[in-house]
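Here is what TrEMBL says about this protein:
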- A:20-36: transmembrane segment (TRANSMEM)
- A:48-66: transmembrane segment (TRANSMEM)
- A:96-116: transmembrane segment (TRANSMEM)
- A:128-150: transmembrane segment (TRANSMEM)
- A:162-179: transmembrane segment (TRANSMEM)
- A:199-221: transmembrane segment (TRANSMEM)
- A:233-255: transmembrane segment (TRANSMEM)
- A:288-311: transmembrane segment (TRANSMEM)
- A:323-340: transmembrane segment (TRANSMEM)
- A:352-372: transmembrane segment (TRANSMEM)
Amino acid sequence: MQKETSRSPDLDKISPYQSFAILFSTMLGVGVLSFQREIAKEVGPDGIWTILVGGVLILAEVWLLTRVMEKYPHKNLAQFGEVFFKNRPRPWLGKLVFLPFALLVALFFFAASAVVTRTFGEVLISTVLFRTPLEVLMLGLLGVGAAVAGNRPQVIARFNEFVFPILLLPLPLYLVSFLQEGNLDNLFPLFHLNWVKLLKGVAASTFAYAGFSVIVVYMGYYQQPKKAVKPHLWAIGSVTFLYWIQMVVAVGVFGRAELVQLLWPTLDLLKVAAVPGMILERLESGFLAIWMVAVFTTIINLFGALVDMVVTFFGMREQHRKWVALGLLPVLYYVSYWPANLNTLFWWNKWIGRSEPLMGLVLILTFLLFAMTKRGKKGGKQDVPSA
Amino acid sequence: MKMKRKRAAGRGRRKKEILEKNGREKTEKKTLDIKVQPELETNTEFIGKLLGDSTDVVTRHFTIQYAPDRKAAVIYLDGMSDSKAIDLYVLKPLMLDAEKIRTKTDLWHMVDQSLVQVGETKVTEKMRDMVDSLLSGDALLFVDGYAEGMVINARGWKQRGIDTPRSENTVRGSREGFTETLRVNTALIRRRLKDPDLRLKDLKVGERTKTNVAILFIEGVADEKLVKEMQNRIEKIKLDGVLESGYIEEMIQDNTWSPFPTLQNTERPDSAVAHLLEGKVVVVVDGTPHVLVAPAIFAQFYFSPEDYFERYLIATFLRVLRLLAFFIALSLPALYIAFIGFHPEMIPSDLAIAMAAGRSTVPFPSIVEALVMETSVEILREASIRLPGPIGPTIGIVGALVIGEAAVSAGLVSPLMVIVVGLTTISSYGNPSYNAAISVRMLRFPLMIAASILGLYGIMLFLMLLLLHLIKLESFGVPYLAPFSPLRLSDVKDSLIRIPWPWMKKRPVIFRPEDEKREEVEGKVVAEGNQ
Amino acid sequence: MSLPLKRLLNLCVITGCLVLMGGCWDAREIEERTSVAAMALDKTGEGYEVTVQIPNPLKIVGSGGSGGGGGEGGQAAVQLLSGKGETFSDALDEIQFQSNQDLYLGGSRLILISEKLAKYGLHDILDGLRRRPEIRRRQWPIVVKGKAQNALQANPKLEQIPMEYILNMLETGIRDGRFVREGLNDLYVNLANPARQPALNLIEVQKEQITWIGTAIFNKERMVGSLNRKESGPLLRIRKGRSGETMDVSCGKAPGKVTFRPKELEKKIRIREAEGRIKIRVDIDVRGSIVEKTCDLDLSDEKALNQVKRTIKKMSDQRADLLVEKAQKELKTDIFNFGDKIRAYHPDLWGRIDWKKEFPRADIDVHFNAIIRRTGILAQ
C-alpha cells in the first residue's frame with residue numbers, strides 16, 4: 001500500500017455508513033415532493049401501505065443486487081466485463097460484450113439526472129422564483145453538481161455522508177402539520193382495492209424509490225463489499241419509513257380528493273403547518289432550500305456514477321474525471337431542457353421510476369448468468385480481486 | 001505529493017527570482033566555505049569584511065601571557081551577546097590566568113579545557129559555522145597560530161518576559177504565553193510535558209534570516225509519517241526570510257487557494273501540549289510567540305483551551321453556542337438579503353411591515369446596503385486594532401454607535417440592517433481562533449452576493465460549493481471535516497460535544513496516533529526501556 | 001505566470017455579471033412589493049370585484065422609518081384598492097394598474113367573501129387562488145353579510161390595521177372553541193372531499209363594529225344558509241368536538257338560570273343501516289364547569305348537581321335535535337360531516353348509497369351527557 005499521499009487507506013474507500021448515506025440520499029430526491037399524489041391517484045388511502053409494499057419489493061431487489069455484486073469486490077459495473085473475460089485472449093471482448101449493459105445503466109443515470117434537474121427547476125420556478133429563467137436555475141444546479149460529480153466517488157460519498165442529517169430536518173415539520181391539521185378519517189377506508197389497483201399502486205410507488213441502482217457503480221469502491229448488505233437494507237428501510245410518514249401525513253391532512261389535485265403535496269403540507277414560536281412564518285422556501293440538498297445529492301450521485309462509469313470504462317486517468325463531468329454537463333442540460341411541459345416531465349418521471357426495477361432485474365439475471373457460465377468453464381476457480 | 005504539486009504551481013511565478021538568488025548565493029557560499037586560517041589577522045579581517053564593518057561588531061584584540069605570548073581576538077555582536085559574561089569568563093581568565101598556568105600542554109588545548117569558563121563551547125575550523133554562530137549571538141575566539149576557532153555561547157540579548165497570551169484569552173487556565181525566543185518556548189512545553197518521549201528536531205529555515213525552527217512531537221504517539229512529512233515540507237522551504245510562523249504556514253499548507261487555514265497556531269503552551277498529546281506535531285519558530293500545530297481540522301478552530309479546563313457541560317454548551325455563532329457570522333446578512341428580496345412570506349407579517357417601513361427610505365437595494373455596512377464594519381474593526389491601545393475601543397464604540405445611528409436616521413440604512421450587522425460582527429468574535437474567524441468573515445461576502453441573485457437557493461448553491469471544497473480539503477492527510485465526514489463516531493466525543501475526561505480514554509483516531517490509548521503511557525515507556 | 005490573476009479576474013467578471021443580472025429576476029425588495037394584508041371578494045353582475053387592504057408601513061407606529069414618531073391607525077394606516085373583472089386574475093390586474101409596486105398576495109391572512117358571492121358559488125374564484133403559489137393555505141376565509149368590501153372599510157379603533165381586528169377576533173374565537181375552525185386549507189379539503197361540507201364563519205359589519213353572527217353553511221361550493229349564534233354551538237360540538245359557547249339552563253323548579261361552560265368533549269359516532277335508512281347515533285360527553293348561578297340551588301349537593309346535569313343534557317339534546325332538523329329539512333346539507341365517517345369506516349355502504357339523497361331521511365340521534373367538573377371558586 002505505498003501511497004503517494006499520507007492519507008490513511010480507509011479514507012480511500014467508501015465506508016459502510018457512507019454507502020448508507022449514498023443510497024439514502026440518492027433515493028430521496030424529487031420523488032419526495034409529488035409521490036403522494038401519484039399513489040393517492042391510484043389507490044387512495046391504501047397508499048399508506050402500498051408504499052411499504054413497494055419499499056419491500058425494492059428492498060428485495062437491492063438485496064439480490066448487492067449479493068451478486070459483492071462476489072466481485074472493488075469492481076464497478078463498467079469493469080465487470082473485464083472480470084468475466086479476464087483470462088481470455090482478448091480482454092476488450094469482455095468490454096464489448098458488457099457494453100450494452102453498461103450503456104443501459106449509463107443511459108438510465110443520464111436520463112434520471114436530467115429529469116431530476118428539470119423537475120427541480122420546475123418546482124422552483126412554479127413556487128418561489130417565478131421570474132428567474134429556468135436556464136439559470138438548471139445551469140446553477142448542474143454546474144455545482146458537475147463540480148462535485150467530477151470528483152472521485154470517495155469524495156462524493158463523503159459529501160453524502162456530511163449532508164445526510166440535513167435531509168432529516170423537515171421530518172418534525174411533517175409531524176407538526178399532521179398533529180395540527182391531520183384528520184384520521186382521511187386515512188380510511190383501508191384495504192379497499194383489488195389486485196389490479198394494488199399493482200398500479202405499487203408501480204406508482206416505485207417512482208419514489210428511483211435511484212437505488214447507483215450502487216452498481218459505488219459498490220466498486222466499498223471498503224467492505226461483503227458487508228454492504230446491511231447498510232443497503234438500512235438505507236432502503238429508512239427511506240421507506242420516511243416515505244411512509246410522508247404518505248400518512250399527506251393523506252391524513254388532505255384526504256385523497258384534495259391530494260390528487262395538488263402538484264407538490266409536500267410543499268402544501270408545509271404551508272399548512274404553523275411552527276410554534278413563529279420566528280419564520282411560512283416555511284416553503286426554507287424547506288425548498290433544504291430539499292434542494294436532497295435533490296442535489298440525487299443529482300451528484302447519479303451524475304457522479306455516470307462520470308465514474310465513463311472514466312473506468314475507458315480507463316481514463318484520474319485528472320480527466322472533471323473534464324468528463326464538464327463535457328457531460330451541456331448534454332445533460334440540453335436533455336433536461338427537452339420536456340415541453342410538466343405533463344411530459346411527469347411522464348418521464350413515471351417511466352424512469354418503472355424502468356429501474358426492471359433494469360435491476362436484467363442486471364441481476366445477467367450477472368448470475370455470467371457467473372454460472374464462468375463457474376462451469378473454470379471449474380469454480382475463484383477470481384482473485386486485483387487492486 | 002498532490003499537495004506538493006499544488007504548492008509547486010503556486011511557487012511557479014517565483015521561480016525566476018529564486019534562480020537569481022541562487023546564483024548570488026553560490027558566490028557567497030564560495031567565500032564562506034573556507035577554513036579558519038592560522039593567522040589571526042586574516043580571520044578577523046575576513047569577518048570584519050564579511051559583515052561590512054558593521055558598527056555592532058565588537059572585535060577585541062588582546063594578548064595571552066603564555067610563553068610565548070600569543071595574540072588573540074574575541075569577536076561578538078554588541079547587544080546579541082552578554083558582554084559581561086564575555087568579560088568575566090572569557091577575557092579575564094585568558095588575560096590574567098593564562099600566565100599562572102605553567103604546563104607543557106598546548107595553549108589551544110588549555111584554552112579549550114580550562115581557560116574559557118563557559119558551559120557551551122565548540123571548536124571548529126569551518127568559517128561558515130563560525131559566522132553563523134556569531135550571527136546567532138555567540139562569541140568567537142581566535143588565537144594566532146591555530147587554524148581553528150572557538151564558538152563560545154554567550155548569547156544574551158534583551159528579550160520580552162513571559163506574558164499572558166494576547167490572542168487566546170481564557171477565564172480559566174494558565175496565564176503563560178509563548179515568547180519570541182525558541183528555547184524559552186520549548187522549555188515552556190517541556191515543563192508541562194515531562195515525558196522522555198518528547199522529541200525536538202531543530203531545523204534552520206530562511207536563506208538569510210536563518211531562523212531556528214523546532215519540530216516537537218511525542219515519539220510513539222505522533223504518527224511517524226506525519227513527522228517525516230512535516231520535516232520534509234519544512235526542509236523544502238526556499239525563502240530568504242522567515243520572520244514569523246506564518247511564513248512557514250503558508251509554505252507548507254496543503255491548499256494555497258483555500259480560504260480556510262489548514263494549520264493552527266497557538267500562543268499557549270498548555271494548548272500546544274494538549275495538541276502534542278493528541279498525536280499532533282508542533283512547530284516552534286524563533287522570533288514569534290505563535291507556534292504552529294498540524295494537522296488541523298475544521299472543528300478544532302472552534303475549540304478553546306478552556307473547553308478542557310471547564311466542566312464538560314459548560315464546554316459542550318459553549319461549543320454549541322460557537323457553532324451557532326459560526327452560522328450567524330457566515331449567513332445572517334445573506335439570509336437578510338434573501339428574506340427581504342426573495343422570500344418575504346417567511347418573515348412574520350408584523351415584522352415584515354416594520355421591515356418594509358425601515359427600508360422604505362433606503363435608496364439602495366438590500367445587497368448594496370448590506371455590502372456597504374458589512375464593509376464599513378470590517379474597516380472599523382481593522383482600524384480599531386491599529387489604533388493606539390486606549391483609543392481603540394472608544395473609536396469602535398463611536399464608529400458603531402454614532403455612525404450606525406446617524407446612518408439610520410439619515411435613512412441610508414434600515415434599523416434592522418444595523419442589528420444584522422451588529423449580530424454578525426459579535427458572532428464572528430465567538431470564534432476562538434482569529435484566522436478561522438477571518439475566513440468566515442470573508443466568505444460572508446460571496447454568500448451575500450449569491451443570496452442577492454437567487455435568494456435562499458443561491459445561498460444553498462454556494463454552501464454546496466463551499467462544502468465540496470471543505471470535503472476535498474486535507475491537512476497533512478487528515479480530512480478537514482473529520483470527524484464528521486468521514487464519520488468517526490469515536491471522535492465525535494470531542495467535537496461538537498465534549499464528554500467528561502474520565503471517558504476520554506482514547507486519542508482522536510483521525511490524527512492516526514501510534515498509541516491510541518491515553519492511559520498506560522507509563523507502562524509502555526517502561527516496557528520499551530526494558531528492551 | 002498570470003494564471004491565478006486570470007482566474008481572479010474571471011471570477012470578478014462573472015460575479016459582476018451575476019450581480020447585475022440578479023436584479024432583473026426575482027429580487028423584489030420588501031418595500032418594492034405592495035403587500036396585501038387582506039382580500040375582500042364580491043360578486044358584481046357577471047364578474048367579481050376584488051378589494052385589497054394594504055398597510056402603509058410608514059404610518060404604523062413602532063416601525064421606525066425616518067424620524068420614528070407616532071403613527072396613525074385605522075383606515076389612515078392602510079390603503080384600499082379594488083378592481084373588477086370577469087375573473088379573479090382579471091380583477092387583480094385592475095388593482096395592479098392602480099398600484100405603484102408589484103402586487104404581492106403572500107402576506108394576505110384574511111379572505112372576506114360576500115354572502116352574495118358565497119351563494120353564487122366559490123368554485124371559480126377559488127381556482128384563481130389555488131393556482132397561485134404565494135397564497136397561504138393558512139389563512140381565514142370568512143363570509144361577510146352584505147358587501148365584503150365594507151368589512152375592509154370598517155374602522156375599528158383597537159388595532160392599527162383594521163383587518164387585524166377581524167383576524168384577532170377570529171383567532172381568539174377559534175382558540176376558545178366558539179367559532180368554527182375552518183381555514184383556507186380546510187375549505188379546500190372540504191370542497192374536494194365528496195363526503196364533507198364546508199362551513200365558514202359569518203360576520204356582520206357596521207361602521208366601527210364587527211360582529212360574529214354565526215356560521216355560513218355550504219353545500220359544496222354554494223352557500224345554502226346560515227346558522228345563528230345559538231345554533232352554532234351544537235354544530236361545533238357535533239361537527240368538530242369543539243366546546244362552543246356557554247349554555248344557560250334553568251334551575252329546574254326554582255326561578256333563575258345556571259350557566260354552564262363546556263370545556264372538553266368526547267364524541268362517539270355510531271353508524272348502521274337498518275330498514276333501508278341510515279341510523280346515526282352520536283354520543284357526546286361534555287365536561288365543563290358552572291360559571292354562574294342566579295337561583296338558590298346548592299351546588300355542593302350531589303343531587304342538585306345531578307339535576308343541573310340532566311337539565312343541561314336535556315337542553316343540549318333539544319337544541320341538537322332542532323339543528324339536525326334544520327340541516328335535514330331546510331338546508332338539506334350534511335353539516336356534521338357524517339358522510340365522511342360513512343366513507344371512511346363503512347366504504348361498502350358509501351359505495352351503495354347516494355348520501356346527498358340519504359342524508360335528509362337519515363335517522364340521526366344526538367345524545368349529550370354533561371359532566372360538571374367544577375363550580376367556580378365558590379363552594380356552593
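Numbers here mean position along the shown chain, with the first residue as 1.
Cβ atoms here come from the backbone N, Cα and C positions, even for glycine.
When Cβ distances are compared across the two stretches, the transmembrane segment (A:233-255) makes no contact with the transmembrane segment (A:288-311), since fewer than 3 pairs at least 6 residues apart fall below 8 angstroms. Under 8 Å from some Cβ of the transmembrane segment (A:48-66) lie the Cβ atoms of residues 23, 35, 39, 42, 187, 190-191, 198, 201-202, 204-206, 208-209, 212-213, 215-216, 219, 228-229, 232-233, 236-237, 239-240, 243-244, 247-248, 251, 357, 360-361, 363-364, all in the same chain and six or more residues away from its ends. Using a Cβ-Cβ cut-off under 8 Å and counting only residues 6 or more beyond its ends in the same chain, the transmembrane segment (A:128-150) has close neighbours at 113, 117-118, 120-122, 156, 159, 284-285, 288, 292, 295-296, 299-300, 303-304, 306-307, 321-326, 328-329, 332-333, 336-337.
Most Cβ pairs under 8 A with the transmembrane segment (A:199-221) among the ranges A:20-36, A:162-179, A:288-311 are made by A:20-36. In terms of C-beta pairs under 8 Å, the stretch of A:20-36, A:162-179, A:288-311 lying closest in packing to the transmembrane segment (A:96-116) is A:288-311.
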